Amino acid sequence: MSDQKFISIRGAREHNLKNVDLDLPRDKLIVMTGLSGSGKSSLAFDTIYAEGQRRYVESLSAYARQFLEMMQKPDVDQIDGLSPAISIEQKTTSRNPRSTVGTVTEIYDYMRLLFARVGIPYSPATGLPIESQTVSQMVDRVIALEEGTRLYILAPIVRGRKGEYRKELAELQKKGFQRVKVDGTFYEIADVPPLDKKYKHDIDVVVDRVVVRPDLSTRLADSLETCLKLADGLAIAEFADKPLPVGETAEGGSANKSANETHERILFSEKFACPVSGFTIPEIEPRLFSFNNPFGACPTCDGLGTQQAIDPNLIIPDESAALKDGAVAPWARSSSPYYNQTLEALGKAYGFKVSARWSELSEEARQAILYGTKGREITFHYDDGLRSYQTTKPFEGVIPNLERRWKETDSAWSREEIERFMASTPCPACNGYRLKPEALSVKIGKKHIGEITEMSIRKADAWFRDIDGSFNEKQREIAARILKAIRERLQFLNNVGLDYLTLARNSGTLSGGESQRIRLASQIGSGLTGVLYVLDEPSIGLHQRDNARLLDTLRHLRDLGNTVIVVEHDEDAILTADYVVDIGPAAGVHGGKVIAQGSPQDIMANTNSLTGKYLSGAMEVAVPAERRKISKTKRLRVVGARGNNLKNVSADIPLGTFTAVTGVSGGGKSTFLIETLFKAASRRIMGSREHPAEHDRIEGLEFLDKVIDIDQSPIGRTPRSNPATYTGAFTPIRDWFAGLPEAKARGYQPGRFSFNVKGGRCEACQGDGVIKIEMHFLPDVYVTCDVCHGKRYNRETLDVLFKGKSIADVLDMTVEEGAEFFSAVPAVRDKLETLVKVGLGYIKVGQQATTLSGGEAQRVKLAKELSRRATGRTLYILDEPTTGLHFHDVAKLLEVLHELVEQGNTVVVIEHNLEVIKTADWVIDLGPEGGDGGGEIVAVGRPEDIVQEKRSYTGQFLKELLERRPKRSSQAAE
């Protein structure tokens, strides 16, 4: 086969791949599928992408390579026909609070450019467009100052820019200027110290020194004109008699200060200034609209848009509690009589008793306790058993007291304690828009840049399509190319089903599927051709309705002339592909082979392919023969949920059932289930400090004694954490080894078999098994420790054997092998068998937690819950548990979830996978659309009821599935 038409892989052995030979057609949409852990990602990411990326990076200079992450060479004999590779995974969502949907997609960068070039500044005082100031207006403003005021007339020639500026200073000296102000300090030009070119500097030239007198006008006008020429339309009148000593950097002494007038200076601009309030904008450049740049960022919140502030709801978590019983949470833990005596004194002044509930206090009394007596003096009597005293003073208030202590304390422990009562609130200075007043005063079509980022992508798309109608000819010409780039990117975001997000949405709050689709939209926006794209389950978190749009996007990427490889389990994606590779036959050591390849029809015709059997209907996830009975009395009821886009929603969740919360992306599922129900329930039942979304109340929590959110966050952030340590299987394994005759004879305790503490571990690598060597412009090399040869333990520890295996050998077994190996040790076997039950028999007992995918981490947590003794009163909440699961794995997972329900527990899942929804006892469908068009309950009831609701998109797709597939009593066809 010619290299041009195929990517030819020979002898791929990465991870569990069994010497795979494969030819993939170029410029096609290729789907790789197979059971979880069968080797799809090993082939797509760790072999094909890694080699494509490595070869591209290797072609760069050694200097450039040190800035790029270099991939390890995969274990493969040969790959031909590769292009430079780009991977779009789910793991790389930025948690940086400064990263937003707008910045990630680069739409915000184009918006900054648009506002800088065609935006019109308006005065906050008058609401009128800001005009430029004339020299006469500037002179009048200075003459209006108090007579005798001494001023420097300065020209701000450098503002916040890096450089040494030796040449510029020499030029100024030649022109006859003698003094400059550099970074807040005055110097003779000859005496200016060398400036560090790596740092930003401010340089003002002293053009004149004047004393305000009525006859100053002519001289002042000349000086100001000189300034305006030197500093590109800017001039500063700085008060010489300022309170700070000369030689110190003045607070706000730089020309870029946001207010045009301070106690030190007046900033004039012949470009933009409000004649009424004097509000001046130094410049309108793209950086003015950047919240990551000091020129544009709101100085109060540093461009984050939020501030940590004491939250009154966390101070008084339960309004029905009595004051003496700890209604004021920060005081509740203290055993000192001081706080109760403080409340008694306040009670005498405001007419309440300490036995009163918080809800019974007057508004005046509540305000006094929380915010202080505002100068009103209170007489306090204190008696701590050792001494008694009386004092009369105003009461500071719980919240001001905590705020003061938080600012003043040097103790990390004290800060942490106080932070438990703090919540993130929108910044009061910028209202959460992140920018300075100057940036927000610039508008296009009566909207500032912050208001546009708050729109949903759907609305922003419509706004940008219509806005050039309000431009004049010149503005239209300037904006044409910028608008084209913005509209294209918004259109792509719409196409991948993200029309409900806002551009201001923080990247850290996006789900894996959302962030992946955002990066997908950015890639299409870049318009590259001849590239190899490797994607990891882009359909995660996407409703069936939006699936077609996503697949159109992938086909568009292919049609640009790229090869698109997608690791995917979605039926529609597999059937749409040009070429399908099915890897199996099972997971882990039992996988790693290509079972079937070719068109979707070829896969269905292949009798060895498990995927083919599910696609053709020969096997299926079956609908239960009968659904559980719904209790009319035992149910949870969420009343009046109003968080995010929820529109005062109330819904019942029957206890002891399997409930699915469904709906299109952005319909309000996570807000309803995680932000409202889970956070409120865990606060009431588990005593957590999570702050739930706005709602009236939740009824029925008395039927529960535990609430658990089994999410996809990592089970540990270090390589030392693994499935055995997380599920608790490692403790009985260590105990077992410590109980062996050889260990007893040597006096070894269980700690001897831990790789985290000194004693039994190899000290050369400190129990890691590998040693990291930094290589700068080559990838960091992890070399196997030459003392323990990667075993993590020292020789003496490894001498203790059970059935001929050391503790290191046990950690290297798959979970399946481990369960068999410890079949006679129930404490270990039972925990490992639960991992097998959730479909994780293929992972290693000691596999590093950092190498587990989100779906795998979630199933490890599920296994841990399964191994606990059932109380039958637990509420389990899972967000998309089928992430990364093949049809066959979904069937297994459903068995596990239904088993939890059979024990009397309640399981609620957020899910788009119709195979899961059809087996649910109860469905709550939210929508009908995403974002503003969602937040309502569209349908509720059994799956058969949802199908009847015309407005429900879920119902429409579910109807096809229920009609297509018969009912069976078994959970999965074997």
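Numbering starts at 1 and runs along the chain as it is shown here.
The backbone N, Cα and C atoms fix where each Cβ goes, and this holds for glycine too.
The ATP binding site feature in Swiss-Prot is assigned to 34-41, 663-670; the stated evidence is sequence analysis. If you look up Swiss-Prot, you'll see 331-610 marked as domain 'ABC transporter 1'. Taken from Swiss-Prot, the feature domain 'ABC transporter 2' applies to 630-959, supported by sequence analysis. The zinc finger annotation in Swiss-Prot covers 762-788.
Where Swiss-Prot records a feature, it is marked here on the structure.
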residue : record           : contacts (Cβ under 8 Å, 6+ apart)
Gly34   : ATP binding site : Lys40, Asp582, Ile583, Gly584, Gly591, Ile595, Leu610, Thr611, His886
Ser36   : ATP binding site : Ala587, Gly839, Tyr842, Gly855, Glu856, Gly884, Leu885, His886, Asp889
Ser38   : ATP binding site : Asn16, Ile583, Gly584, Pro585, Ala586, Ala587, Gly591, Gly592, His886
Gly663  : ATP binding site : His543, Lys669, Asp925, Leu926, Gly927, Gly934, Val938, Tyr953, Thr954
Ser665  : ATP binding site : Gly497, Leu498, Tyr500, Glu514, Gly541, Leu542, His543, Asp546, Gly930
Gly667  : ATP binding site : Leu926, Gly927, Pro928, Glu929, Gly930, Gly934, Gly935
Distal contacts, the zinc finger (762-788) - CB-CB under 8 A, six or more residues away: 62-63, 65-66, 69-72, 719-720, 754-756, 794-795, 798
Gly663 (ATP binding site) - helix vs strand vs coil (DSSP): strand
Secondary structure at Ser38 (ATP binding site), reduced by DSSP to three states: coil
Secondary structure tally of the zinc finger (762-788) (DSSP, helix then strand then coil): 0 helix, 8 strand, 19 coil
Protein Cβ atoms within 10 Å of Lys669 (ATP binding site), excluding its own: 27
Protein Cβ atoms within 10 Å of Lys40 (ATP binding site), excluding its own: 28
